[in-house]
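What Swiss-Prot annotates here:
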- 1-20: signal peptide (SIGNAL)
- Asn41: N-linked glycosylation site (CARBOHYD)
- Asn59: N-linked glycosylation site (CARBOHYD)
- Asn228: N-linked glycosylation site (CARBOHYD)
- Asn277: N-linked glycosylation site (CARBOHYD)
- Asp305: active site (ACT_SITE)
- Asn337: N-linked glycosylation site (CARBOHYD)
- Asn344: N-linked glycosylation site (CARBOHYD)
- Asn351: N-linked glycosylation site (CARBOHYD)
- Asn403: N-linked glycosylation site (CARBOHYD)
- Asn500: N-linked glycosylation site (CARBOHYD)
- Asn509: N-linked glycosylation site (CARBOHYD)
- Asn554: N-linked glycosylation site (CARBOHYD)
- Asn719: N-linked glycosylation site (CARBOHYD)
Amino acid sequence: MTSASQILVWGLLAASGAQAQNYGGGSSRSDDAFSYVQPKNTTILGAYGHSPAVYPSPNTTGSGGWETALAQAQDFVAQLTLEEKANMVTGQPGPCVGNIIAIPRLNFSGLCLQDGPLAIRVTDMASVFSAGVTAAASWDRKILYERGYAMGQEFKAKGAHVALGPVAGPLGRSAYSGRNWEGFAADPYLTGVAMEETIQGYQDAGVQACPKHFIGNEQETMRNPTFNDSAPLGTVIQEAVSSNIDDRTMHELYLWPFANAVHAKAASIMCSYQRINGSYGCENSKTLNGLLKGELGFQGYVMSDWGATHSGVAGIKSGQDMDMPGGLGAYGQTFINRSFFGGNVTAAVNNGTLEESRIDDMILRIMTPYFWLGQDQDYPTVDPSTADYNTFSPRNTWYQDFNLTGERSRDVRGNHAALIRKQAAEATVLLKNKNNALPLKAPKTLAVFGNDASDITNGPYNDATYEYGTLAAGGGSGTGRFTYLVSPLTAINARAQKDNTSLVQFWLNNTQIATSDVQADLLRVPTPPTACLVFVKTWAEEGADREHLRLDYNGTEVVEAVAAACNNTIVVTHSSGINELPFANHPNVTAILAAHFPGQESGNSIVDVLYGDVNPSGRLPYTIARNGSDYNAPPTTAVTTSGREDWQSWFDEKLEIDYRYFDAHNIPVLYEFGFGLSYTTFNISDIYATRVVDSITSAPEDRAIQPGGNPELWETIYNVTVSVTNTGDVEGATVPQLYVTFPDSTPEGTPPKQLRGFDKVSLQPGESTKVIFELMRRDLSYWDTVSQQWLIPEGDFTIRVGFSSRNLKEVTTITPVSE
């Protein structure tokens, strides 16, 4: 048993380790960085600038299939002392990134919480998978599930009970957000599907999923408050940025994918650093009690992001259930040896400030998914190597003995290398392929350019950008520790040997390439190589928003210098997401591939695509504009005033993000949302829609809330069928996409079209197949702010199906509710 006074000690130690990781946000920016200064006279919050109070925090009922596990959790809670209850909701320093200590007398071994969304970050002998944005670019439900399941297997085998992912916040409001790559797509529907498939994969493997960051977490700059460190507790100078989001936008954009997460029975959800409509994410009763636990019927527990707890009693009453990592404070503040939770929970119950029943519900929410997933039955112990790599809470900060007696450095990778290679290849997006430059056909000579082509030079773990070495993951808590990383140059050399390619030249110094006459100074041969491969990259990380949308390390200049000398220049980008591509129409740039962050099999996966072993079938999960200045919804990077509440981010674009914005304003783009080429061709035909229910009303029947909300919203009401044919000469996969245009009766501000269905189909030459899209009630509904419910508008819906958001071949109409 740990006393209240003991609980107060370790908060300092855990939090100090967190501060050292420098994930705080609001870091300094270079002189030429993109800047958006908040306009003056916006510091007085508007109609949606104040988050309304919603109390009390709803109790869990175990609905959705957790009833038996809830009964087990109730029996467990009934045996706890008050001090043990405080420990159950408060993190401590230990071997994992987050730790809930064991209670041996109840045979509870504690909880190990581990980063992150593409790998187990603090361990060895584990795989590094492709990033979320890469997985989303596959537009493949099977890949999304398999990736989640394989990661879940590795987390479990290392003894982690909770995987801190996947990510739906940021959604991708801004092209500049530093963490877009951790998430999936700049669209709520595609992100929602990716969340659901990934969570089901994690949890089918026996690991709790923790979707994050709830909600409106769309920028890194000023995500935490600034403090006067000289004050006893660190007086706040300026509060964290507030994401100010209107009710309809909240529901139709930012809450949408979290509804999928809850529908998938996610065990936990992480609340975010920043404020939402004036209140911090982890003490916002409207978002936690009202939206998440109330409207969506979430049955699991809400944990704080690391250092995102700003209060004890207020946060608990507002719906927060677990404090991580357990110490008092937030990033940038001098931590002291107390916890907002911990001993303060005990004190608050004893003095009547908190009802013990609320603490009981917090623990029921924590333990119900634990029992539901069978984590009380022969669960693997924590790998001791985890502690060796965990700089978040080094061993000398631990207050408890974690009895790490299991096998050290256990290899949990299994056969996942082949899976990672396949997934990354199939997610690669072919943006340009002039004159069928790809696939390569045993070229006689090759030249490889760019610092992204080579082996990494800074070791297996990189939390900051690096000049030399291929980029396979971003930085921050969402990164991974490579046991190996196959570079493009290594894989190309291996393939060249196999093909008897006579010469593979390479230049890795971007400055040298960009400032040279490539033909005269570098190639020094009378005729250019058969193909020139240029590898360029763009870093992004937690804690800082992107400063520009250009390629890093003079990448554009490198491409242009090579293209000036080589009439078959093939460009591969390893990027966190959106890039400006001013060379896209250069006549000598014959092919462009967006490979995003592919994980440890980077080189092998791109060579599979370059040589045609895999026909690329990735599609863009965002829009690539003609110019960086064409994007809307910038992050707030600075303010001109010094008031405590002055950091505001006004989501006044409302529903118009990414393709919705470009479509609404008829802005030409370079490559549209959903775009991607193949080495073969496809056709779509014969669209028809079928109503599958007899009667459809505008409002859903008022039914008991289940995980995901009103179950009526998840019922299919229409099927839309099309025929897809491979009209080319080689096998390939394509992604038919369905977009809905709402009737004119829908309120103003509705986007011209919205993604509401997709499927990936693989076909042999000449083969055809039927694709059926199931449209649920929620897919045809908008959020009505007056009645506070989802409504299907009266009138005709236009249904379009095609191969991208701007290549829609087949059209039909449906009328669910007549005028």
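The backbone N, Cα and C atoms fix where each Cβ goes, and this holds for glycine too.
Positions of Swiss-Prot features highlighted on the structure.
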residue: Asn228; record: N-linked glycosylation site; DSSP class: strand
residue: Asn277; record: N-linked glycosylation site; DSSP class: coil
residue: Asp305; record: active site; DSSP class: coil
residue: Asn344; record: N-linked glycosylation site; DSSP class: helix
residue: Asn351; record: N-linked glycosylation site; DSSP class: coil
residue: Asn403; record: N-linked glycosylation site; DSSP class: coil
residue: Asn500; record: N-linked glycosylation site; DSSP class: coil
residue: Asn509; record: N-linked glycosylation site; DSSP class: coil
residue: Asn554; record: N-linked glycosylation site; DSSP class: coil
residue: Asn719; record: N-linked glycosylation site; DSSP class: strand
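With a 10 A radius on its CB, Asn277 (N-linked glycosylation site) counts 24 other CB atoms from all the protein chains.
Cβ neighbour density within 10 Å is lowest for Asn500 among the glycosylation sites Asn59, Asn500, Asn719. Asn554 (N-linked glycosylation site) sits 10 Å from Asn509 (N-linked glycosylation site), taking the C-alpha atoms as the reference points.
Under 8 Å, Cβ to Cβ, and six or more positions away along its own chain, Asp305 (active site) finds Lys212, His213, Met270, Cys271, Ser272, Tyr273, Gly281, Cys282, Met324. Considering only the glycosylation sites Asn403, Asn509, Asn554, the Cβ with the fewest other Cβ atoms within 10 Å is that of Asn403. Neighbour density for Asn228 (N-linked glycosylation site): within 10 A of its CB lie 12 other CB atoms from the protein chains shown. Considering only the glycosylation sites Asn59, Asn403, Asn719, the residue whose Cα is spatially closest to the Cα of Asn500 (N-linked glycosylation site) is Asn719. It is Asn351, among the glycosylation sites Asn344, Asn351, whose Cβ has the fewest other Cβ atoms within 10 Å in the structure shown. Each residue contributes its Cα atom, and for Asn344 (N-linked glycosylation site) and Asn277 (N-linked glycosylation site) these two points are 27 Å apart.
Here the CA atom of Asn228 (N-linked glycosylation site) lies 24 Å from the CA atom of Asn277 (N-linked glycosylation site).
Spacing of Asn509 (N-linked glycosylation site) relative to Asn228 (N-linked glycosylation site) is 44 Å (Cα to Cα, whole number). Asn59 (N-linked glycosylation site) falls within neither a helix nor a strand when secondary structure is assigned with DSSP, and so counts as coil. A Cα-Cα distance of 35 Å separates Asn351 (N-linked glycosylation site) from Asn403 (N-linked glycosylation site).
Nearest to Asn59 (N-linked glycosylation site) in space, judged by Cα atoms and limited to the glycosylation sites Asn228, Asn403, Asn719, is Asn403.
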